[in-house]
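Q: In case it helps, Swiss-Prot gives these features for our protein:
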type: SIGNAL; residues: 1-35; note: signal peptide
type: ACT_SITE; residues: ASP433; note: active site, nucleophile
type: ACT_SITE; residues: ASP436; note: active site
type: ACT_SITE; residues: ASP495; note: active site, proton donor
type: DOMAIN; residues: 856-988; note: domain 'CBM6 1'
type: DOMAIN; residues: 994-1120; note: domain 'CBM6 2'
Amino acid sequence: MRPPNKEIPRILAFFTAFTLFGSTLALLPAPPAHAYVSSLGNLISSSVTGDTLTLTVDNGAEPSDDLLIVQAVQNGILKVDYRPNSITPSAKTPMLDPNKTWSAVGATINTTANPMTITTSNMKIEITKNPVRMTVKKADGTTLFWEPSGGGVFSDGVRFLHATGDNMYGIRSFNAFDSGGDLLRNSSNHAAHAGEQGDSGGPLIWSTAGYGLLVDSDGGYPYTDSTTGQMEFYYGGTPPEGRRYAKQNVEYYIMLGTPKEIMTDVGEITGKPPMLPKWSLGFMNFEWDTNQTEFTNNVDTYRAKNIPIDAYAFDYDWKKYGETNYGEFAWNTTNFPSASTTSLKSTMDAKGIKMIGITKPRIVTKDASANVTTQGTDATNGGYFYPGHNEYQDYFIPVTVRSIDPYNANERAWFWNHSTDALNKGIVGWWNDETDKVSSGGALYWFGNFTTGHMSQTMYEGGRAYTSGAQRVWQTARTFYPGAQRYATTLWSGDIGIQYNKGERINWAAGMQEQRAVMLSSVNNGQVKWGMDTGGFNQQDGTTNNPNPDLYARWMQFSALTPVFRVHGNNHQQRQPWYFGSTAEEASKEAIQLRYSLIPYMYAYERSAYENGNGLVRPLMQAYPTDAAVKNYTDAWMFGDWLLAAPVVDKQQTSKDIYLPSGSWIDYARGNAITGGQTIRYSVNPDTLTDMPLFIKKGAIIPTQKVQDYVGQASVTSVDVDVFPDTTQSSFTYYDDDGASYNYESGTYFKQNMTAQDNGSGSLSFTLGAKSGSYTPALQSYIVKLHGSAGTSVTNNSAAMTSYASLEALKAAAGEGWATGKDIYGDVTYVKVTAGTASSKSIAVTGVAAVSATTSQYEAEDASLSGNSVAAKASINTNHTGYTGTGFVDGLGNDGAGVTFYPKVKTGGDYNVSLRYANASGTAKSVSIFVNGKRVKSTSLANLANWDTWSTQSETLPLTAGVNVVTYKYYSDAGDTGNVNIDNITVPFAPIIGKYEAESAELSGGSSLNTNHWYYSGTAFVDGLSAVGAQVKYNVNVPSAGSYQVALRYANGSAATKTLSTYINGAKLGQTSFTSPGTNWNVWQDNVQTVTLNAGANTIAFKYDAADSGNINVDRLLLSTSAAGTPVSEQNLLDNPGFERDTSQTNNWIEWHPGTQAVAFGVDSGSTTNPPESPWSGDKRAYFFAAGAYQQSIHQTISVPVNNVKYKFEAWVRMKNTTPTTARAEIQNYGGSAIYANISNSGVWKYISVSDIMVTNGQIDVGFYVDSPGGTTLHIDDVRVTKQ
């Protein structure tokens, strides 16, 4: 049944609001002189004009009959205007596009029948005559929703019914303090409003059943009920925001179609977003509390580390806020001296940095001395203050301020005119903060729903006119109401908490996980350009606690797969990647690099948003509206039409369940093919933090480019196009323009349509349409990578193309051609085609060639080049001969210079990676190899005949499944000598030893993760194999069918042999026995058996069957074609060497301090200081500290596997603050004299090592000791003891 009558409480609310808000009701109507009927009566007459049906409806004793005007404005959009008592219609609210005009539809309107009908190609509207009621149907007659006899349109809104199984969306999102979570709005009574702090909402209700409803209203009260099928909207009384545009008539739109079509319709009605500048697809660093020196140093560090960044945003630090008259609009030249002229702008333009400045809808009216300001006087005289908002003291500095009124066109002009100097001196983006409400001290004032829109209108119209359309406007604000998108504004989710989820650290702010629903519901409300404070903003202590490295890295990966990629923290906080340790830094950098490689792909969706209202991110229920599994799914989304993103968002996550809709999918990072329509268990490595689950939809066409430091750094002359043909034709439109101006609106753009299809039997087709638009980009050619088959013949418009021996030869060729090869996805045909031709090209690939490649080659000139400074970076050169590709890398004579490759592999394990190098320095040289943020080893590179001579050096490296970060670096701490040239690396497709951690396996029947014993591999082991049915199942991948050795690492401290059953691909292989070495559960050993596996994916499971005895602990599994030695990742003999284990569990480190002294040792992430004192690698590190005098040590004694051989000790340490009496690493009880390695007070992480430790007594004791007068801080991380 319907909810209780809403008219009475709404009217009461109206008059209550009148008392509370007084003058804020200037935009509200006077109460009507006559009452309105509660529902429509019978038809009196009808008339038809073109696509419009006008109905005169009896309203009883009221003067002037009601008017109902129904117009088919598009084939799938119906506009309805109800005018009770035939009143004069109110002006449209700013929600609707004021410039929108509708073309003739050619609807068929029949008024003779009962019901009357309006028919288009997409819809059939039936309207009964007695009483007048509407039913909305598809063109085929399928009923979608209808007005019940007791409902329908009336003076306060609309009342419809729909089938109770329909899923509803829109209406609302969530603010920064909500728990959030749901996308469904099947039963909702939440108000339609812009809300506060990251919220979005509006009078929009739509369904995946194929329809939507949009009411022209400034706020209001939607109501849906899943039990009754009610879909209603009430204008009601004044909302809490107070201010409101008046609506006497009821004007609404009905939209029919798919979710994508409905969102297009919303854009048609409320306005499409203009294209944002291309640079805004890049990475942005927002910061509170900075100055020119720090800003410049940070920018230079980004550039030195080759971490791409396009924009830097400043909080009030950039302004002379409260210091001078009109200081709100002026650069603070104390903080930014070069901004007194255009010098800072010129410097940052040269570095590729766009500067963004914060603005707020308020001005200073009295300075700190209570002197009235000029701008305050001007605003008073001009009538620019927001009605109902009084003066109050700002929380930022002790000055008196008052809200200005962007609803007022004169105020908008005034505000913009005073912003031009900032623009001239470098501010090209606007951070429009606090357009939702004032909350400062005792002051609490709400802004109206359209404040964000009008504030954005100020800067958009002003900036566009001021630059004559030559410079696109970019803005962000923290609320959204439909219509605001017309003014080039994005939405960010407000001051969210620095935590994984709400309640993890603080219970009054949302965390990272909640942002998924916030983003997706905002997209469902029509705001497709959304971002967040990556890393979080709020913390319990206000400004001190920072994200821990795991949280930071996972948040960066999440944010890289959203429309707007930005970091921000609270006052004094840093959010640059290098503050969070090497593991998090490298994972974050890889995420940024991935995004920058996808710029051509993403920019196509920037154009799409302008053309049809659908942007880069769409919820899965929009893309798959009939799939019940995704109706409320927030754990993944479409990133463009061809990529599904499902980032890791749980703390120290080891596996992730991901639902993939129907169809075929390919793992972007690992290359595995996956059948959709199921939930998969995705293994996650919490050690490396490199996993970014991203899946390619079969049929995908994905353009990518070489990563640049910033968008537009260099001309893009070649674009790679990865194509994954499906049996049905797929398409993608490549798009480009100048990226900066609005000339695209008049046809100055570049478009080229691409299609692809798998025709079977190795036959692939790819078409490149003729280019359209008048813009000519620098692009010269596409390298089309047709995955799935290596052809024997390729034609272009039926003419044979030239074949080349390799991809490198093809790239170097002057003209078009083709080659074959293999990559992580399998066999591939490469085709080089000229871009931008006036006629189309039809590429046909036939035949199936055998590809024998067993490795992938990664060129150094395509790698990430870094250094300790911009001047000392590794660099590309061509001044020698014999290199592969287009160049090689030199500059490794500078300490800190490095070359970082991003190889992809299907499975984790040990790989023989070969480095191609040149060294004619006269002696062997060395560089360190880092893998996923951790140093693995130094490699010695022999001297060669000359610099034109190249050789290879292979090293066994531990890689993780998916993308890896492999860096060759001159690292003087480790004794490297550098000064070599690097050409490429080759990485095998298959490992020497495949390694699968138990914590990432599929667990069932009671098996679970634990960390309460020592020396396990990875981050946990599996126990709970203590009851029938308990199982651990490893998902493995092998390159070919055959026999493999399986080594399962286990612990059995029961002092008796135990058994489990082994299953291969679901079939029982037999019972496996696990012997026991005694009662020590910290002793691990391998059970080895030979199994037969299929090529590709397999499962290996160990299960407690009825005949088994179970009760063992299980660790990692190794897979190899021959006997596996000790993997590189297991060569460190220490327990808990990086201090990552939860401190609630025991470990082999023994802490000592004098009995009369408090302990001065602990383990944490270093996140409680500004800047954070993060670990060297991983998520935690150990520390020594006490304010007073202290002695402290930790030690670990281990048994060595081989006696009378040499061992090596390594560690990373950082000492700061007071220099101690003694600080050292200690090595003792190994059969020789104690060895002490002193630690220097450098304030930065330093690598220390001791080699050639001859162990003769079967054990070794290593540790650290500090004797301090007080105030010394020592950080310790990644401690190692390995056999030399």
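Each Cβ is built from the backbone N, Cα and C atoms, and glycine gets one as well.
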Q: Restricting to the chain of ASP433 (active site, nucleophile) and a gap of 6 or more, list residues whose Cβ falls under 8 Å of its Cβ, or answer none.
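A: Looking at Cβ-Cβ distances below 8 Å from ASP433 (active site, nucleophile), excluding near sequence neighbours, one finds ILE358, THR359, LYS360, ALA477, ARG478.
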Q: What is the one among the active-site residues ASP436, ASP495 whose Cβ has the most other Cβ atoms less than or equal to 10 Å away?
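A: The most densely surrounded of these active-site residues is ASP436.
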Q: Please work out the helix, strand and coil residue numbers for the domain 'CBM6 1' (856-988) from the DSSP assignment.
A: 6 helix, 67 strand, 60 coil
Q: Could you tell me the mean pLDDT over the domain 'CBM6 2' (994-1120), as a whole number?
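A: Across the residues of the domain 'CBM6 2' (994-1120) the model's pLDDT averages 98 on the 0 to 100 scale.
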Q: Any idea what DSSP makes of ASP433 (active site, nucleophile), helix, strand or coil?
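A: Going by the DSSP assignment, ASP433 (active site, nucleophile) belongs to neither helix nor strand, so it counts as coil.
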Q: Take the C-alpha atoms of the residue listed as 'active site, proton donor' and ASP436 (active site) and report the distance between them in angstrom, rounded.
A: 13
Q: Under DSSP, the domain 'CBM6 2' (994-1120) has how many residues in helix, strand and coil?
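A: Across the domain 'CBM6 2' (994-1120), DSSP assigns the residues as follows: 3 helix, 70 strand, 54 coil.
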